[in-house]
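Enquirer: I'd like to ask some things about the structure below.
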There are 2 protein chains.
Amino acid sequence: MDNKDMDILNMLMDDGRMAFTEIAKKLKTSESSVRKRVKKMEEEGVIKGYTTNINTSKLGYGVVALTGFDTNPEDFLSVAQSLCEFEEIKKVYTSTGDHMIMTEIWAKDGKELSEILFNKLGTIKGIKKICPAIILEQLK
Amino acid sequence: MDNKDMDILNMLMDDGRMAFTEIAKKLKTSESSVRKRVKKMEEEGVIKGYTTNINTSKLGYGVVALTGFDTNPEDFLSVAQSLCEFEEIKKVYTSTGDHMIMTEIWAKDGKELSEILFNKLGTIKGIKKICPAIILEQLK
DNA sequence: TTTGAAAATTGGCCTAA
DNA sequence: TTAGGCCAATTTTCAAA
């Protein structure tokens with residue numbers, strides 16, 4: 001990892017589909033150099049993968065909620081793993097702070113979110129508290 | 001937006017650099033169909049863009065913190081906009097729940113995070129409370 | 001780093017529903 | 001009118017030298 005790798009990474013984070021030839025042109029280097037560096041970063045795991053940013057509301061997901069979960073310490077791991085299995089829950093983190101588990105949940109509307117939180121997740125044993133924060137706007 | 005669009009989208013979310021020809025092959029359709037649908041979704045804004053997922057710790061960012069900010073109502077907007085300008089703050093949301101502003105901050109270590117939170121952001125007028133939650137592990 | 005073949009992208013034009 | 005098929009030119013990828 002040097003500055004050149006970092007430059008490549010920044011461009012790829014900005015546009016994950018940018019062609020290697022174009023990156024090379026902007027960085028005034030060769031395409032093969034760029035490609036080999038990217039491959040190396042992929043193999044080393046610096047680059048975990050590529051993804052597509054979605055406008056959730058245009059896709060019909062009107063509600064995205066950052067949702068914290070509190071559990072009993074002994075149920076913590078099993079709850080976290082159970083949450084991962086739900087299709088509606090897009091991200092699951094363990095963290096310090098108010099809630100040991102933080103998630104990102106996509107739902108069509110408030111009704112669906114409520115259904116997910118209070119019905120579907122009701123089957124999980126050990127959840128003590130659910131703290132949803134609905135995202136109003138992504139500024140950055 | 002129909003099922004075919006959704007299938008394409010799911011593949012692109014899973015691998016943002018997948019070639020249209022490959023998507024077409026897996027979906028048993030033609031490359032031109034895939035290409036035209038993707039272009040349409042880009043134009044309609046369903047697809048906002050493409051990015052690269054980074055292993056933050058391998059990049060030297062040992063600490064990623066979901067950080068909530070509380071402000072006085074009258075300072076809310078200016079605080080949110082100021083936060084956007086910091087390079088270390090990768091995401092800024094306005095939200096309901098405990099904190100009106102939620103952010104994701106990348107730092108090399110605890111020392112750097114502390115410096116960002118309590119020195120750099122000290123110049124912003126109107127922040128009442130800072131609530132950082134350090135991410136321990138991303139399970140999904 | 002350079003080179004050349006294979007693969008993918010792009011744009012235009014056409015047909016069919 | 002819109003989605004998809006087809007073709008040809010260009011660009012990109014990829015591996016070997």
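Keep in mind that glycine also has a Cβ here, set from the backbone N, Cα and C atoms.
According to TrEMBL, the record shows the following:
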DOMAIN    A:1-62  domain 'HTH asnC-type'
Enquirer: Need one number: mean pLDDT over the domain 'HTH asnC-type' (A:1-62).
Expert: 96
Enquirer: DSSP helix, strand and coil counts for the domain 'HTH asnC-type' (A:1-62)?
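Expert: In the domain 'HTH asnC-type' (A:1-62), the DSSP-based counts are 33 helix, 8 strand, 21 coil.
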